[in-house]
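Colleague: TrEMBL feature annotations, pasted as is:
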DOMAIN    140-361  domain 'Histidine kinase'
DOMAIN    380-502  domain 'Response regulatory'
DOMAIN    534-652  domain 'Response regulatory'
MOD_RES   434  4-aspartylphosphate
MOD_RES   583  4-aspartylphosphate
């Protein structure tokens, strides 16, 4: 009898004895089916499979389904047996030649598997804990490194504004370059860490491609200028402009790719091209290409350059610096945006890095494009540009606006073309001039020669430059040039400047677009003419105190220093500040807690001081932590003067608006009569009618407020105040309305004694204000 048939016979015998146990029947049936596969397998022991009554009892006792654990055990046994393949090798020693031994063996295997699973879970927990510790370490490391780095970069910027010898200037330039490189390295490591732990998230916001892309390229243009490289940006002129996406990460991608292109290019040009690939369901796919004329990448290295910590050649690290993380981070960011990146390159000839990303379009009615202007049709424009690629692109832009371009490559040819135009009565009302011309005549020489020619001196000149030097601008202004913009520039930049000097009303052609194009490509230090502000700097680090306060006091602002959060709270309670710069990590009381306490006090007393957080961490979630604490925004260290000036410019803009409103409010009565008359289209009778209605309702309003004060019932009091304040604002009685708001804040803190004092002065003020209004209306023309 074969082993298979013997096994079947024994299984049937067991089945008859165990009808009450369905799970064991299924298990034994599975065992039978599995062993059928090995009927002729001589590796199975030659001993017969005999199962005694004692062994059967032991088996059923072992496999009885008393709880869920046993149930899982039986099922796992079945799964293991089913998984056995015909080719799989079975070899049991003589001591394992009965069914109970086989089952016991399989159970041992399951137990080992369970132990392995437990170990894996523990290992996972340990790994997660390690990731958390690493993240905290990186955050602390970032803070500790950025704090002294803030001092180095800040004081270097300050030193650049002093009188320097050539040697000192060279030393400072090296210091700043090294500091910027270190900062870039820190940012790369932090980004890589966040990606590695899956904590980097995209922040989708609306933005304009034509506005925002050129802005992020200005610093790169300076680097290109330092190496005498031409830097060109080509935006397809008819592509959609307003999109939704993570602007910050898109800028980071471009800065990485273009920065590499400049780094590995010693002569020639670097160019960014942006074009529309496709639009599907309001999602546009854009193609970006960054090309250079640099060293190129060997064919066998191109497949590895996007890997972590990899450069095409190890010698590059020594020659050019870098971590080998830039392209790896870039690739991951693009893939997070559902895009793709690839490279074309020839060693010794240059490279082109391509990437595509989808961006959701904003509604069609909000889109605007750069359209030709009828008034400019056929306008002759002389383009003076020595780089062929840049010249071709500018020519294309000018032709798009239906003007007539003529291109020359140097100053001598430009003067010759202008002279020939005079002879043929073919004048050039406009010249587009690159400041850095090759040849004997540079941009200054050309403009100077034009101004000395009586027939040409009225010619309009627009200067383009990558250097952005203030002294260059001053020299051109002295020669009568008023329009400048920095390379790389977009079609909208060009059209803006042309329209300004051609004195053509912008709204006739550009619809909504040019309304948003103010102060473009202008360094904040040039255009921000700010009133002096009273600023509180809460900062414990002495170097940072010195750097930041020096930046601000040099520009006329008053700075008070608080070394910790507790001192900051005291300072705010005693003085009025326009701005608080709050370091988030300080001894005694940190910036988050200090801000929360300031906001709690303001809720009781009124006010809402602008608080900007200063953080050296630059990790995801820092902005949210600052906002949740009550801060208005935050700046990442090292603090840059341009970041501070932007904030101050915003404060002055707001103050300017408020001052403009207050200037129209009578100083004695606090009433905006001008706006009140506008509400009623100058109808004096209607204004007087409303004043009388206010007089009629006034006793009821005051009674409700007095009742709330007497009862010290905050809710009743605030309800009465709310109604009355709305009426006062409608009548443009701004000062009285502000007193109502002050009383509400005091009531929130149960300070009803102070409420009563404010209320007494309010009653007198309202009576005087109503009389003033009556007289003002009667005397109005």
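Glycine is treated like the rest: Cβ placed from N, Cα and C.
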Colleague: For residue 583 (4-aspartylphosphate), which DSSP three-state class applies?
Modeller: strand
Colleague: Find, among the modified residues listed as 434, 583, the one whose Cβ has the highest number of other Cβ atoms within 10 Å in the structure shown.
Modeller: 583
Colleague: Expressed to the nearest Å, what is the distance separating residue 583 (4-aspartylphosphate) and residue 434 (4-aspartylphosphate) at their Cα atoms?
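Modeller: Residue 583 (4-aspartylphosphate) and residue 434 (4-aspartylphosphate) have their Cα atoms 44 Å apart.
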Colleague: For residue 434 (4-aspartylphosphate), which of the three DSSP-derived states applies: helix, strand, or coil?
Modeller: strand
Colleague: In the domain 'Response regulatory' (380-502), how many residues does DSSP call helix, how many strand, and how many coil?
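Modeller: Output for the domain 'Response regulatory' (380-502) reads 57 helix, 25 strand, 41 coil.
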